[in-house]
Amino acid sequence: MASLLAKDTYLQDLAKKICAQPGPERQRSTWGVRTKGSEAAGAPKKKRKKTQKKSPEQEQKAMDHKTKALGKKPPTSSRPKNPMVSKQEKGLSSLGSPKDSQGTARESVFALDFLRQRLHEKIQLARGQGSTKELSAATLEKRQRRKQERERKKRKRKERQAKQQVAEAEKKEEPVEVTPKMACKELQESGLIFNKVEVTEEEPASKAQRKKEKRQKVKGNLTPLTGRNYRQLLDRLQARQGRLDELRDQDAAKAQELEAKMKWTNLLYKAEGVKIRDDERLLQEALKRKEKRRAQRQRKWEKRSEHVVEKMQQRQDKRRQNLRKKKAARAERRLQKAHKKGRVLPQDLERAGLS
């Protein structure tokens, strides 16, 4: 800080010295104010030749000559008339006097460094960082840890990127050899297979094809008793039992063989996961429950319909009542207006018994 203060005081003294030097005096114009009397009295004067303006190089040389004679620095004006001329003069002066130019260059560099340092300090203060002397040891340690963590992550990211690049290069270098067997397999496989379930892009089957597949699935020419149409299932079961009874009367052995065959077929269906409904008692109970639920829904629907009709009737009655009230109020207003105007109405005569 002491060095900074010394530099600051030095710069301020230098600026004061430069500002205190007198500027170049303006030359007084020798031109006088002409009047009519002077023109008449005096002899005709010769026209002065226009003096050519000196070039910036000549002016600089003249100034250097004067300063060498007087042993002083050339005076600098605070506001140069032409910025381009002043730049040229500065360049010529720097070329003309190497010692002065070296001194001024050093001073300017020193001043720029000092100002730059002050600017950085102000920026740090504005960011809330400030000088590290005022911070505690814990804060400094935390900053150091954060910096190390950032560097570690950066190194890790670079390593990962390098590994990815190496792997990509290896993949590009190693071409995949496609054997004819693999190509044939890819052509033959028309769909995907997920856990022994073949999923192929086929068109939806027609109605006749579906019926054919259903007949093929039937085992032993015995249609399984499945579904939720309990009445139909009960009728089919009763018909099957009736055929068995008739066959038992004719040939008991044949009937027994058919019954065993039906049982085995039902067992095969159950093994495949098909729910067989071949119990007459359970079918009757399920049918009763279904009929009961249907009756309940029917009653609810009828009740709801009645309620809707009642609501509609109530709205209609209320509307008619409101219309009658409005009509009566309108007639009453008309009567009141007539009474105000002094008219005698038939109703008034009836009330008075004069009609």
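Using the three backbone atoms N, Cα and C, a Cβ is placed for every residue, glycine included.
Since this is a predicted model, take the numbers as computed values, not measurements.
What Swiss-Prot lists as compositional bias 'Basic residues' is 44-53, 143-160, 208-218, 290-302. What Swiss-Prot records for 94-104 is compositional bias 'Polar residues'. Residues or ranges marked as phosphoserine by Swiss-Prot on the basis of similarity to another entry: S136. According to Swiss-Prot, the region 'Disordered' annotation covers 18-104, 123-178, 198-227, 290-355.
Beyond its flanks by at least six residues, the compositional bias 'Basic residues' (290-302) meets 230 of its own chain at Cβ-Cβ distances under 8 Å. Every protein chain considered, the tally of other Cβ atoms within 10 Å of the Cβ of S136 (phosphoserine) stands at 8.
For the region 'Disordered' (290-355), residue counts in helix, strand and coil come to 58 helix, 0 strand, 8 coil, using DSSP. Each residue in the compositional bias 'Basic residues' (143-160) gets a DSSP state, and the totals come to 18 helix, 0 strand, 0 coil.
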